[in-house]
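Notes for the one structure printed next.
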Amino acid sequence: MSVPEAATRVFGDRTPLAVAYRDWLADAAVTRGLIGPRESGRLWERHILNCGVIGELFDRDARVVDIGSGAGLPGIPVAIARPDLRLVLVEPLLRRTTFLSEVVADLGLENVEVARGRAEEKGIVAEYGDADAVTSRAVAPLDRLVRWSAPLIAAGGRLVAMKGSSAQAEIDEHRAACARAGIAELSVTTVGGTVLPEPTTVVVGRKVAKRGDERRRARSSNRRDNTTQSH
């Protein structure tokens, strides 16, 4: 299958990695029931490029958690497009984390870690919290998504949630619930308009510091320092 010109614009000299990921999606992901067989003909525009373009929304060297990663969307395309980022793919189902681990190893994505669990689990929050950003794609309505995402985001960090045409309506409906969870400054943005027939719609928000955030940040920092020293 030919590689679209847009792929080189999004992934640059790492396009071969995107091609390899496309092959994983077309074969193993379909066979294992991670994506539907009808998707195999539109993997580039609907999945790989659609996700890869959101890479421009993250700060340089950011630590990003992808919750409900499934077959690696959006995390793997983002990791390919932005090798400076550190990605954690959080997924509760074993068959999916097995697939993700195989893909990450095959592509040699040293900036990606796979974690089995649910975003809201205490162990996941303790290990991967204080992230610069949390991202997701088609995981849940915005109020639930924010409830799961917010505990993982550092104060001042960002929510970057891929959404569809109802994005603004979701913000209007769930703004108060999002504020209670600590996510403010919600807005809709689009990316990829110069490379995709239809740009990707994203809801972005910012985590507001809440009581207890500093204590959690200190504990998280101490854990990372201890881990570094042990190595």
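Quick reminder: no glycine exception, Cβ is built from N, Cα and C everywhere.
Nobody curates TrEMBL annotations by hand; they come from automatic prediction.
The S-adenosyl-L-methionine binding site annotation in TrEMBL covers Gly68, Leu73, Ala119, Glu120, Arg137. Look at TrEMBL and you will find 210-231 tagged as compositional bias 'Basic and acidic residues'. Here TrEMBL flags 206-231 as region 'Disordered'.
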Around Arg137 (S-adenosyl-L-methionine binding site), how many other C-beta atoms are within 10 angstroms of its C-beta?
21
Once the DSSP letters are reduced so that anything not helix or strand counts as coil, what is Leu73 (S-adenosyl-L-methionine binding site)?
coil
What are the sequence-distant neighbours of Gly68 (S-adenosyl-L-methionine binding site), meaning same chain, six or more residues apart, C-beta distance under 8 angstroms?
Val90, Glu91, Ala119, Ser136, Arg137, Val139, Ala140
Just jot down the residues in the same chain as Glu120 (S-adenosyl-L-methionine binding site), at least 6 apart in sequence, with C-beta under 8 A of its C-beta; none if empty.
Arg147, Trp148, Pro151
Are there any residues at least 6 positions away along the chain from Leu73 (S-adenosyl-L-methionine binding site) with a Cβ closer than 8 Å to its Cβ? List them or say none.
His47, Cys51, Arg137
